[in-house]
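Some notes on the structure that comes next.
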2 protein chains.
Amino acid sequence: MKYDHQLSRVLIVGGTHGNEFTGVYLIKKFEQFPQLINRSSFETLTLLANPQAFTAVRRYINKDLNRCFLRHNLEDLTLSSYEDLRAREINYLFGKNGKTPVDFIVDLHSTTANMGITIIVDNDEPFNLQLAAYLNYINPAIKVCNLGNSGRSHDSLRSLGRFGICIEVGSVPQGVLNAEFFLKTEAIIYTILDYLELYNQEKVPSFSNNLICYEYLEKIDYPRNEQGEIQAMIHPHLQFQDYEVLHPGDPMFLTFDGQIISYQGNSTVYPVFINEAAYYEKGTAMCFTEKHQITI
Amino acid sequence: MKYDHQLSRVLIVGGTHGNEFTGVYLIKKFEQFPQLINRSSFETLTLLANPQAFTAVRRYINKDLNRCFLRHNLEDLTLSSYEDLRAREINYLFGKNGKTPVDFIVDLHSTTANMGITIIVDNDEPFNLQLAAYLNYINPAIKVCNLGNSGRSHDSLRSLGRFGICIEVGSVPQGVLNAEFFLKTEAIIYTILDYLELYNQEKVPSFSNNLICYEYLEKIDYPRNEQGEIQAMIHPHLQFQDYEVLHPGDPMFLTFDGQIISYQGNSTVYPVFINEAAYYEKGTAMCFTEKHQITI
C-alpha cells in the first residue's frame, strides 16, 4: 500500500437520483446523527444532491443530474435547467476549485437490476481500486464493477472528487425504501470511513491484492420498432441474472409474440444493469461486462 | 351457477397507472393481434387509459386516474386536470350511459409489493366473486383480495363497468416490464375471456364454491414526524411477506436509529401492499386484511 494522498475531506452523497431512497434516507440519518460518520483524521460532509427530484419522487426534474458534470457543461452558463444549476452549485461547493473541495466522494445509488451490493469505480485509479478490493475482502459478496469505458468518469457527480466510488444496490424499485439494502449500504459506508481513517494513519491492514473486476464493454438496447417502441422484454432466463455468464446462443429477449432473441456475440460476457427502470429511456436493456481477475 | 347477465361487451384496460408496464404492453400486444382476445359471444375492447402518464413514465400527470371516477367528480365540469378530463372521456366512451357501455372490465396493474398474482374485487358482487373463485380453482397460486371496505368500488376506473376485477401482479418495480408477470397476466386474461364465453353459453364447468378471500380491514401508515417525513422502514422480517400472517407483537417497522416497532393489535391480520412505492404519498405502508373462507 502506497500512502500518497492524505485525505482531509470526504463527501457522502445521496439522492443524486431523487427516487433512489436508500441514499436519501441514509443522508437524513447522518444529518441527524453526525457522530456516526465523524472520523478523527478527516472531515465528513453530506449532500442530498437533488432535493426537488426527491420531493417529486422522480429520478430528476429536467435532466439526469448524474450526467451534468462534464467540465464544459459546468462552464456553460447558458445551461439553465434545474439540474444544470444544481450541478454548478455542487461544483462550486465541493469541486476542485470549490469552497470546500473534497478528496473522496461516496455516491449512493439503487437499481432495479439484481446487482446485490456493487462497488462501481469509473477508472483504474489505484486508490479507488484498492478501496474496492478491501471492501470485497471484508465482504466477498460485494461485486466490483469498472464503468471506465462508459465515460462515467467525466460526467458523474462523483467525478468532482479527487477519488470516489459509487455504492449501487438492488434490486430495489424506484420510490421504495428497502431496509435490508439500507442497512447493508450503511455498514459499507462505515467500513469505507474506517478504511480512509486507517489510510490517513498509514495503518491499512494487508489484504489480498487480487480482485475480480467486471469491466464495462458496451450497452445493449431493447429491440425497437421505427417509432422507438420496445418490441421485446428481457427473457425470463436472463431477468435477475446480473453478473452471471451469458454464452453465445443464450436467450436475451422475448418478443411480445413469443420469439426468443438470443445473444449473437462470439465471446462470453457478464451482463449487469439488466432491466434497470431508468435506462429504458437511455436505450439500455443491460450492460455487457468482461470478468477479469486483476492485481492491485 | 346462475346465468342472469348476458355479457355483450368486455373492456381490457392497461396503463391506468402510466408506470405499470405489464398492462401497457399487453394492451399494445392485443391492439396488434386482436384475434387473441376475440370471442364469439361478446365484443372485446382495449384501452390504454393514461397515455400521457405512460409517455412520462409516471403513475399520473396531475392526479391518480384510478381515484377519479366518483360520480360527482365525473359530473363536476370545473375539474380540469388531465386525469379529470381523461376520466370523463373514458366514462363517455365506456360508462353506463356512454357510447359503448361495457359489461365487464379487466384492469391491469402491477405493484412493488410481493403480491404474486392477485385478483382484486371491490365488493361482494357474486358475478365477480364467482370469476375470482374460478381463476383460483384453475390456478391455486392466485390470491383473491376484496378491497370493498376501502371505497375502491366507487372511485376506480373498473367501477364504470357492470362487473369488473383488477389483476394486480408483483413485485415489479415501476417503469419495468417483467416478462414472467407479463406472461402470467396474459394467461389469466385468456382464462377470463374463455370463462366469460362459457358464461354467455351457460356452460361454465362446476368447480369448488369455497374460496379463501383476503378482506380489506384498514391501511397502516409509516411512523412519521411532524413534517410528515417517514421515520421508519418496513421491517426486514415483514418485507415481501404479503399474505403471511402477522401476529400481535411481530415486528412491523424498523426506525432509522434501529428501534423495532411491532404490531400492537389484538388479532392476527394478513398484510398486503407492503411497501408499495405509489402508496408512500397516500400514507399507506401496507393494508391489513382478514383471511376468510367464503362460500360463493
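Cβ from N, Cα, C; glycine included.
What TrEMBL says about a protein is an automatic prediction, not a curated fact.
Record note: TrEMBL gives A:Asn66, A:Arg67, A:Glu168, A:Tyr279 as substrate-binding, and the candidate from A:Arg58, A:Arg59 in that site is A:Arg59.
Of the residues A:His72, A:His109, A:His154, TrEMBL puts just one in the Zn(2+) site with A:His17, A:Glu20: A:His109. Those same-chain residues not listed among A:His17, A:Glu20, A:His109 yet with C-beta within 8 angstroms of the centroid of the Zn(2+) site C-beta atoms are A:Gly15, A:Thr16, A:Asn19, A:Thr22, A:Gly23, A:Arg59, A:Asn66, A:Leu108, A:Ser110, A:Thr111.
Calculated from their C-alpha atoms, the gap between A:His17 (Zn(2+) binding site) and A:Arg59 (substrate binding site) amounts to 4 Å.
The separation of A:Glu20 (Zn(2+) binding site) from A:Arg59 (substrate binding site), Cα to Cα, is 7 Å. Broken down with DSSP, the domain 'AstE/AspA barrel-sandwich hybrid' (A:211-291) shows 3 helix, 34 strand, 44 coil. Taken residue by residue with DSSP, A:Asn66 (substrate binding site) is part of a helix. Note on proximity: among A:Asn66, A:Arg67, A:Glu168, A:Tyr279, the binding-site residues of the record, the Cα nearest A:His109 (Zn(2+) binding site) is that of A:Glu168. Sequence-ordered, the extra residues of this chain that approach the substrate site, with Cβ no more than 8 Å from the Cβ center of A:Arg59, A:Asn66, A:Arg67, A:Glu168, A:Tyr279, are A:Thr16, A:His17, A:Asp64, A:His109, A:Ala278, A:Lys282.
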